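Over in TrEMBL, the protein carries these features:
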type     : residues : note
SIGNAL   : 1-23     : signal peptide
DOMAIN   : 27-308   : domain 'FAE'
ACT_SITE : Cys169   : active site
ACT_SITE : His248   : active site
DOMAIN   : 332-415  : domain 'Beta-ketoacyl-[acyl-carrier-protein] synthase III C-terminal'
ACT_SITE : His336   : active site
ACT_SITE : His340   : active site
ACT_SITE : His369   : active site
ACT_SITE : Asn373   : active site
Amino acid sequence: METLTPLLLLLLLLSLLPFLTLLLKRKHNSTCYILNYECYKPSEALKLDTSASCKVVLRNPNLGWEQYKFLLKTIISSGLGEETYSPPSVVAGREADPSLLDSLQELDHIFFQTLDSLFAKSRISPQEIDILVVNVSLLSPSPSLSSRIINRYKMRPDVKAFNFSGMGCSASLIAVDLVRHLFKVYANALAVVVSTESLGPNWYRGVDKSMMLSNCLFRSGGCSMLLTNRSDFRDRAILKLNHLVRTHFGANDEAHNCCIQVEDDEGYPGFRLTKKLTTAAAKVFVINLKVLLPKILPVSEIIRFGFVYLRSGKKKQLMELLGGAGGLNLKSGVDHFCIHPGGRAVIDGVGKSLGLSEYDLEPARMALHRFGNTSAGGLWYVLGYMEAKKRLKKGDRIMMISFGAGFKCNNCLWEVLRDLDDPNVWEDCIDRYPPKSLANPFAEKYSWINDECLSFIRIEDCVFSSCAS
């Protein structure tokens, strides 16, 4: 019997070997690296400066003085500058009746410019791609948008393609999360994520103020990313995904309806942003941070904060303690904050909640000023600003913070694998940022619209010299 015991142990170990091998393989495959990313840079002809914006506004016969006052106030306070970009159909004056061809060509420009650059920069052939994820919330044609990319680049028949719609501004991190999970199944894989939005066919033409906001904030943009779990590519990678937490607050009716695609009372389609959005964002942000922060902060900081929280008598909310004196020190686990540039109110709210400095908020503010709210692609313009300013050093940790329709909050933590200094999409303007002033020129040129003495004038009788072509 004694001689059988070692033999039985050996047989037991041999039987467990496949299971142990599988565990080690899954742990290895779960690694997610970013090799490169490329943000979309439209042509100069698509710039939506003050003059071009004025032309677009005046083409809408439904607008009156009250709507002009609202638009002026919104644009001035939006945080957008003079160099954001508009969809081609809007610049061409076809925003009232865009065709399907217009919509597809708008996306093709973004897809193919960023992917051509991404493949060339990474020295990777499209035929090497194993996984393709495309996210565009407001357009879902058939064949799918991912199929258009597969056809253009003649990708392999066994490429695993996924197409997201309706996911909103936080869609790119949802796509990254999907890739992360697929990497657990597919070893030594290369994945491409394409994140952008279809703006042309969704340009609002009515007078509902909650729906006019989207025209003032959203601009053309997008990004393509190349990810891998291949260990032999680690030396080529720029970022490693350490943690990602997704939170969906859609069970709450107010949160579900605060950011939604609808038709107004006159039948004009558009995207409605209600006053409940900031409340929904704050609530879902807290839920997300309760899961994410214990994963990214050192144990000593968690314990210290626990004592602070108990001393407060549990009367204060988590967000109050985060931004307050003696609150949670996020800098103990995070070096940079990559905040979705959804609008000045979004950036201000996150900054106040987390007790961030103007230095921390600068990348998001500058991305909003230069490119506007580019929806799902916005985070990567913020990251590009950090890289162009040479802020990102090996070992740094970047917290990405995103919000989207649903209502969703998706946040993650990246680790920088080497010093980064590519000027990327910011190459032609990074030396001008941050500007001395973020004041919008609309305030100076069109402040007279607020003059009550002029309210009797018909807008069609006015001559706008700066809008003359």
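FYI, residue positions are counted from 1 along the chain as it appears here.
Cβ atoms here come from the backbone N, Cα and C positions, even for glycine.
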Mean pLDDT across the domain 'FAE' (27-308), rounded to an integer, is what?
93
What Cα-Cα separation, expressed in whole Å, is found between His369 (active site) and His340 (active site)?
13
Spatial separation of Asn373 (active site) from His340 (active site) - C-alpha basis, Å:
8
For Asn373 (active site), write down the residues of its own chain that are at least 6 apart in sequence and whose Cβ falls under 8 Å from its Cβ; none is a fine answer.
Cys169, Leu217, Phe218, Arg219, Pro341, Gly342, Gly343
Give the residue from the active-site residues His248, His336, His340, His369 that has the most other Cβ atoms within 10 Å of its Cβ, counting over every protein chain displayed.
His340
To the nearest Å, how far is the Cα of His336 (active site) from the Cα of His248 (active site)?
24
Other CB atoms within 10 A, centred on Cys169 (active site):
28
Please spell out the DSSP helix, strand and coil residue counts for the domain 'Beta-ketoacyl-[acyl-carrier-protein] synthase III C-terminal' (332-415).
40 helix, 21 strand, 23 coil
